């Protein structure tokens, strides 16, 4: 993280970074002699790195939980339609701007509402006679995603080129807009939901044995599914709202952890959060250094860098045959 | 603990699946549930392990109606080994699978204690799965997997075992080993078995389900009569206890031309075929 803070359009020596962060966090030592450097480190870089970590953790944990909830290794916030819901919300606000209906609603708030709306729709369509069936949930998620995607495409056609650029950048994801004001909410949501989801670890493991077996193990499968879906939608909605729709992390990071340390959720979820955080901090670091001083959107890099490694791991692992 | 199923009615999508089913398994008994495909065996099990709520009637383990207990409390009494197609256990080790048996013993905040580790370790030893305790469950053979699932059920510390086709797809030696294991636990058991020979070998009592109702119940030799086998299963066969004490069923080479009609019908046909 410290390295992530130090490198950027302007490189700051590691010592200075330590000094500045330590000063702000603990009040120890003197303020840095160069106010500009202090400004860069504390007001731009630090919140950005913290946000990248939170977003990475949130997306990865959400993906891990969704994969188990719908018993489908391909599940992630995108497949279940959450991301497309958020995108539509964001794109509406970007293109309509101060449009009367949406006045007062920021891009983040709209994206959050979009993700939660998509989650609610999938939830409603995924059940029959009060039972949430895994396959039905996945199919409902994919269908809802397509509807939101069509609506988004239509709205984009009405947009001006400048707005389109903003939309494009948002859709590919970025944490460049990070500021201290947004961090408390995101931190609380990510930490709280991740902790809560980890507490469900034992029951998530039971779900791996299949619905009937889990029921025989005393798990109220339907209620568990409902609770987990709500938590995952909340978590995804929050992180997508502040960082845009970033792919790959939610799908691949959980599998990476499973392939290396196994599928026990009590270990899987914390490790997934950690790896997701580290991964997105690294990707963000590359996104602002590879093509200085321009930034490459995160969504482009997450898959481009992660996929080859993932494929290598997949080939090496025999347990999947 | 004693299992009592009392006048159970179960409907699925408004279709009656079980009609007025009653049965009893005394403490320590192994009761076999047999019947043709679609006779309602698995449905009865689901009502017992608290997965499908009956429309009427009661399932009692000991004195308590399991449908009046919480899911977790019920799962601390009844453990089930099922043919679950929906699961995906890739990435879990054998020990982690067996440890799932401790799920009903904990709330959200519960941590594994000495009691849990002991129950898991004991179940692993009793089912002889220690040699592959650290392997990925997905890499095991069919027989090994069934033993792991039985270990999971034992780790639940249950008073009633519910088994659905536990020995399917197993070779003959693995079947016998598994049956011996179940006998050795001494736990009251309700087992759905497809193979009548195996049922006769393992069970103290049999309950025959036919079209959602009990067609016969009692000791093996009293239940598996030629009439019943013709009636319910549509086969010509006889059952007898051999000198070694094992009950065997001998099937005629050909099935009845039209299985499962009235006894008179079948008798007439039997006589007919005999004449020819």
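Glycine is no exception: its Cβ is also placed from the backbone N, Cα and C atoms.
For A:49-66 (among others), the entry in TrEMBL reads transmembrane segment. With a cut-off of 8 Å between Cβ atoms, the residues of this chain six or more beyond the transmembrane segment (A:49-66) that come close are 1, 4-5, 75-77, 79-80, 175, 178, 182-183, 186-187, 189-190, 193-194, 197, 204, 228-229, 231-232, 235-236, 238-240, 242-243, 246, 249-251, 253-254, 257, 265, 268-269, 272-281, 283-284.
Under the heading transmembrane segment, TrEMBL lists A:102-125 (among others). Nonlocal intrachain contacts for the transmembrane segment (A:102-125), taken as residues 6+ away from its ends with a CB within less than 8 angstroms of a stretch CB, comprise 77, 80-90, 92-94, 96, 132, 136-137, 140-141, 143-145, 148, 170, 182, 226, 229-230, 232-234, 236-238, 240-242, 244.
Proximity of distant same-chain residues to the transmembrane segment (A:137-157), defined by a Cβ-Cβ separation under 8 Å and at least 6 residues beyond the stretch ends, is recorded for 69-70, 72, 74-75, 78-85, 87-88, 91-92, 95, 114, 118, 121-122, 125-126, 164, 167, 225, 229. Among the features that TrEMBL reports, transmembrane segment is placed at A:137-157 (among others).
Annotation comment: TrEMBL describes A:177-200 (among others) as transmembrane segment.
As annotated by TrEMBL, transmembrane segment applies to A:226-248 (among others). Counting same-chain residues at least six beyond the ends of the transmembrane segment (A:226-248), those with a Cβ under 8 angstroms from any Cβ of the stretch are 51-52, 54-55, 58-59, 61-62, 65-66, 69, 77-78, 82-84, 86-87, 90, 108-109, 111-116, 118-120, 122-123, 132, 137, 169-175, 177-178, 182, 185-186, 189-190, 193-194, 196-197, 200, 204, 280, 297-299, 302-303, 306-307.
When Cβ-Cβ distances below 8 Å are used as the criterion, the transmembrane segment (A:268-286) is approached by residues 1, 3-4, 7, 48-49, 52-61, 63-65, 175, 194, 197-198, 201, 204, 246, 249, 253-254, 256-258, 261-262, 296, 298, 301-302, 305-306 of the same chain, each at least six residues removed from its ends. Here TrEMBL flags A:268-286 (among others) as transmembrane segment.
Positions annotated as transmembrane segment by TrEMBL: A:298-315 (among others). Listed by sequence, the residues of this chain that lie at least six past the ends of the transmembrane segment (A:298-315) yet keep a Cβ under 8 A from its Cβ atoms are 171-175, 243-249, 252, 255-256, 259-260, 279-280, 283-284, 286-287, 290.
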